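Engineer: First the structure, then my questions, so here it is.
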């Protein structure tokens, strides 16, 4: 790297080095230059001595270049790069394209200047470093990038001279900002880290291609051309002159964006042309047909009454229903969405698959295919999403995260080694870890201020002409002057002199508690007391100054004593538990008072809230003044929390003063930050925030990288799509689409939107339609790099932060710690307080006891003698935590014990005698109880209960609201409900009788799962009782009970062990997840209150046909239009929180943002892009909450999963070691046996050699690759010649595979052939191919009638050939192994998913089963495919919600008001409480499915990727060992004649003993696996590199290696 040698330049100049001839950096000398170079003195040993064959380091132009590069060059370079970013950003695509304006000319001139600078920079660096070679210019990757950019610029300018305009070359300019990465070291480290992950990401990418090829080919085979199907009129359909059909085929809308796709007669899709709805005009169905029109024409009237503008016709539906004539389904010319969505060829299929994997708009594509082909096509899409989205995309994340933590550890070790080297020469004091950034800066400022004050005091005395006291001037105190150089090195600690009495300042500061230098354990105390010293010193100097003025001094002394006693009292008050709790309650009440603000609130409330604000502000001001007085200025500032509080107080006061003048409303928003003050009162929360803060440096770098990335893609987008996205409005005007690239701002917003995956498919369709289908490459690149690499890097940073933090705290749990703190705090009321005064974030990270404050420390100073505070209780967690936990447990027990004692007096005698009786009725010897116990102990009992639970699940799934009361179905469901309730009551009775209800260890209610069972049984009983007592009167209660009935499937969990483990893992991670939910809530509340203040009452708009001229509510009502509000608005805090949740889930956030940008004011009609500044609110919320805080879910779940797996680790290590031993033995035996092919004849041996040859595999792989390419060449409407060519290709490939299978059968024999799984796969592929060809031939010759679907299926199954590629791609196979190993656990997760879906689907059918979607009540998310009408559809709809595709639209539909009856005769029994239930239902489901369960998949995959890496290493080790063993055995015993016959066995025996001792070196330890691998590889290497060993059997002779 350049910086490395740049750093060396100044030093190397002072010490010239002689480089010997032909040193590593020398270019080979030629001709006259072959002088003796050893005489040459090289000033810069790091650089090549000679470049360009003639320029030495001291030669004139080169040494200038070296000097210029080493000093100021980089800074100028970064300035020019920034300037280039500005000029690139000023590009305006919509201005004139020919560049005639002055602005454009100036930008071009700047561009030329920047290009010349970059070219010069390149030349200078080349002269300084040389061009080719290890340390030369092109040896560095970043320099190669610079070189490429300069060369591309050269091509561009040379083409400009020729007047050829190649826009592709112009876009290379966009890469120039990338040069900035190399100039920012932290960013470079992050990018290098990403480059480190590339090899493994390459495997993931290969896997992706694999999936893409398979699914793409299947899609093309099944659905090529099907999405072109439309409904046309019959072929012989004619109309008389003067009448025409409105459209050539049926179009539901004008623009044909979402077409009506029908199913051909040969397919069995959902929609046919008979389903075309009747035409509607003005809300009424048209009821005339063409005969009526002819009749009217004969009478001389116009065909349609509507055309003469009479409103009467419209009211009665007197218009012609043309839609009844579109009855023939036929393949047309256009595909949906401007031709972007189809399966006509493999490339379009890939675009569709990519869109499905990104989970945006996939449902619509699935519905199109289901309409056109078959209902069961959903299986393809769900499989694709599970494999593509849930596995592959998460594999991406897992790979990046594992690699990130490895690289981070490597960097950390390097850093520590460097630090250790530095420390060896420096003082002991700096051995302590440095504090956080704030602490260091604060120390530095304190030190500078102290120094300044001492100097000013000295100056004051000098001016007064007095002798300054010894403590005042640094020069008089050698101890303090000694300290200055160290303080500049940022390690500020006060050294204690040998004789403190000589220096009064030192003596005083020593009394105040300054520590000894070597005492590095007490680093923290020193930091506090160093600051205390400043305040004390003030008093000391004042005291000195007042010598000789006795009377004044005593007066002053009294005042000072009074002041210090007041401060002590104040300190006690401020530090007390009650003070901090009071402040906490005040913050809570203040938050509530800010949260109840809403739209249309009465004036009284507004006034009350204003008064509240003034009261709370004065309270917080008082708190600040008290703390300042108690602690002193420096001690107050020492805690970052206090600075935060102070800033808020100052802003609040400014705001109140400003409000009197009528301005400063912006400052209102800062009040909200008071909510964050609550964090300091919650230790567990603070821990999560500390993790956040620790990752802040990496996250800041990541943000820089993200900005650079977005900037580059925005400018690229402006160059490609600038001014090309436009829409036609209903009035016929053309306006730009809201998602456009017409200016830098909107380009950045659009790119950001694509990165959030919301509606990115719409931008893709626009891009492909307005430029060319190749535009998809831009979007795919943007999504891949941005979403799957960059954002996963952010998650990796957070996961790593949690894991590092988790490793530090692995020895004890957080709950113990927090309980320890609170118990101790209650006990030592005066010495430890909860104010969090001296709790700094990094302090929690470093020490294990979060609450430790300086007041504690000052008590430890007695008689001027400083004692080291005993910190063992904090650091040695082993002793302190159990003690704290025991105290808590003891208090609890004593309380229970007292209550028990009190009750014992009233306890009847028979209670004691019957203690081990079940329910006090059945003794342990009771016959009935014993029967019950034997029934429960029977192994079939649980299975029988499971069977009943499953059959009950089926009846729950059959429930739906529309079943009529007296029908057979209703009777069946009611009776089955009674039966199942009776069975479950029976099961519960059996268990209670056999185990007891509550008394005893094994009692029924002692297990939480049994409590759940009991609760469900109880609910069922109440349900039956209520329904029998007359359900009609208490319908509400009945409904709730029926909803609770849907929870019955939860009983499955306790009976499936794998499932139980997963659920328990999740339950244990609830606490940390709860903490993150709390942090989220804080942000939500802050942004929610802010949103209410910004947007309340502004989300209303006018709904009507023509709203162009309407500006406010009164205009709208005058025109008889509706004044309505958007479903997601900010009128009160509840609504705001719901809107923010939709924003955070990143589904539908763009529309909410547009509403916010358009909002004008209360009761004002919105104007497009009225206030672009509001972008800040929405984008900052997304960045902070969606990307940052919600990704902490992943970190927490992964960390917890690792914790839960911890106790299984040791057993797994043992198991793996045993397995390894077995496999070693097997391999050893195999190696000693004669090979099976030893008895083969010559011909068979030749075939065997061919089959086992590596080259055969390579050739077969090559053939398969060509086969895959030929398969993917198939497309819609392909020419006949291609058909023939593909057919012959297929014959060739099939015959090749048949030949390969036959050869392998001959070579290996039947038994050995079928042992190998790959061979089984080969044979299956061969049989399928032969069958396919046979069937095709039969069909062509028409010998037998064959269903074409079968042939199509056979063609699809040909894709299995692709699987043969896996045999060769080892990296990819390792990834697949990971997935396969993770499958059992993922299977359990899948079960949990199914359970969750089942319960929510059954609930959904109960709640939303009656919602209607039709022309009168249009829906936004629900449709005929997505409904809750029955269980199956509800399940599919919930799958859509869990992928996050338009779930907010579905929730909007459930929030609608109930529809009135339209003479349908059906009582909808609509439920107005849905307004409250629906958000709870959807939010809870989305949280569980999207945020928690998917993250467990990530955790499982991470764990298994680690495992498979370990196993791969072990495999390699074993192979190496076997080879070594064979080599040793052969050498030792066959190489020398002295060994005798039994030598082989003995040699092998000795060798195997050695191997065993190595492999068992570190058995059964947790780190054993990795260490073992290191040892083994070390020992193998040692064996190969050591001198020939002496063989014991060879009687001391060295081995002779045969040549």
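Placed from the backbone N, Cα and C atoms, the Cβ positions cover glycine too.
Please treat TrEMBL annotations as automatic predictions, because they have not gone through curation.
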Engineer: Look up region 'Disordered' in TrEMBL and report which of 439-468, 469-498, 559-588 it refers to.
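Structural biologist: Result: 469-498 is the stretch TrEMBL calls region 'Disordered'.
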Engineer: Quick test of your reading of TrEMBL: among 375-400, 401-426, 505-530, where does it put transmembrane segment?
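Structural biologist: It is 375-400 that TrEMBL describes as transmembrane segment.
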Engineer: Quick one: which of 676-698, 699-721, 722-744 does TrEMBL have down as transmembrane segment?
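Structural biologist: It is 699-721 that TrEMBL annotates as transmembrane segment.
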Engineer: Looking at 175-199, 200-224, 225-249, which one is transmembrane segment according to TrEMBL?
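Structural biologist: Residues 200-224 are the ones TrEMBL records as transmembrane segment.
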Engineer: Per TrEMBL, which of 1011-1035, 1036-1060, 1111-1135, 1136-1160 is transmembrane segment?
Structural biologist: 1011-1035
Engineer: Under the DSSP assignment, what numbers of helix, strand and coil residues are found in the compositional bias 'Basic and acidic residues' (1210-1220)?
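Structural biologist: Helix, strand, coil within the compositional bias 'Basic and acidic residues' (1210-1220): 11 helix, 0 strand, 0 coil.
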Engineer: Are there any residues at least 6 positions away along the chain from residue 1147 (Ca(2+) binding site) with a Cβ closer than 8 Å to its Cβ? List them or say none.
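Structural biologist: The answer is 758, 1444, 1445, 1446, 1447, 1448.
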Engineer: Have a look around residue 360 (Ca(2+) binding site) and count the other CB atoms within 10 A of its CB, chains all included.
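Structural biologist: The Cβ of residue 360 (Ca(2+) binding site) has 25 Cβ neighbours within 10 Å.
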Engineer: If we call contact 3 or more Cβ pairs under 8 Å (sequence gap 6 or more), are the transmembrane segment (578-596) and the transmembrane segment (1073-1095) touching?
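Structural biologist: Yes, the stretches contact each other.
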Engineer: What else in the chain is close to the transmembrane segment (200-224), if you only count residues 6 or more beyond its ends and a Cβ gap under 8 Å?
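Structural biologist: Long-range Cβ neighbours of the transmembrane segment (200-224): 343-346, 349-350, 352-354, 369, 372-373, 377, 380, 384, 387-388, 392, 395-396, 399-400, 403, 789, 1268, 1271-1272, 1274-1276, 1352, 1355-1356, 1359, 1362, 1365-1366, 1369, 1371-1372, 1374-1376.
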Engineer: What other residues of the same chain, not counting 360, 758, 1147, have a CB atom within 8 A of the CB centroid of the Ca(2+) site?
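Structural biologist: Checked against the 8 Å cutoff, the neighbours are 359, 756, 757, 759, 760, 1146, 1148, 1149, 1444, 1445, 1446.
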Engineer: For the compositional bias 'Basic residues' (1221-1230), what does DSSP give as the number of helix, strand and coil residues?
Structural biologist: 10 helix, 0 strand, 0 coil
Engineer: Determine which residues of the chain contact the transmembrane segment (375-400) at the Cβ level, with the cut-off under 8 Å and only residues 6 or more beyond its ends counted.
Structural biologist: 194, 197, 200-201, 203-204, 207-208, 211, 215, 218-219, 222, 269-270, 353, 356-359, 362, 365-366, 369, 788-789, 792-793, 795-796, 1194, 1375, 1378-1379, 1436, 1439, 1443, 1494, 1497-1498, 1501-1502, 1505
Engineer: For the transmembrane segment (776-799), find every same-chain residue at least 6 residues outside the stretch whose CB is under 8 Å from a CB in it, and list them.
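Structural biologist: Non-local partners: 190, 193-194, 201, 351, 354, 358, 393, 396-397, 400-401, 403-405, 695, 698-699, 702, 705-706, 709-710, 713, 716-717, 720, 751, 754-755, 757, 760, 763-764, 767-768, 1187-1188, 1191-1192, 1194-1195, 1198-1199.
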Engineer: State the non-local partners of the transmembrane segment (1374-1401) in its own chain: residues 6+ outside its ends, Cβ under 8 Å from one of its Cβ atoms.
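Structural biologist: Contacts with the transmembrane segment (1374-1401): 203-204, 207, 391, 395, 953, 957, 1046-1047, 1049-1050, 1052-1053, 1056, 1058-1059, 1061-1063, 1366, 1428, 1431, 1434-1435, 1438-1439, 1442, 1481, 1485, 1488-1489, 1493, 1496-1497, 1500-1501, 1503-1505, 1507-1509, 1512.
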Engineer: Per-residue pLDDT averaged over the domain 'Ion transport' (1254-1512) comes to what?
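Structural biologist: On average, pLDDT over the domain 'Ion transport' (1254-1512) sits at 83.
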Engineer: Report, as a single number, how many Cβ atoms besides its own are within 10 Å of the Cβ of residue 758 (Ca(2+) binding site).
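Structural biologist: Residue 758 (Ca(2+) binding site): 22 neighbouring Cβ atoms within 10 Å.
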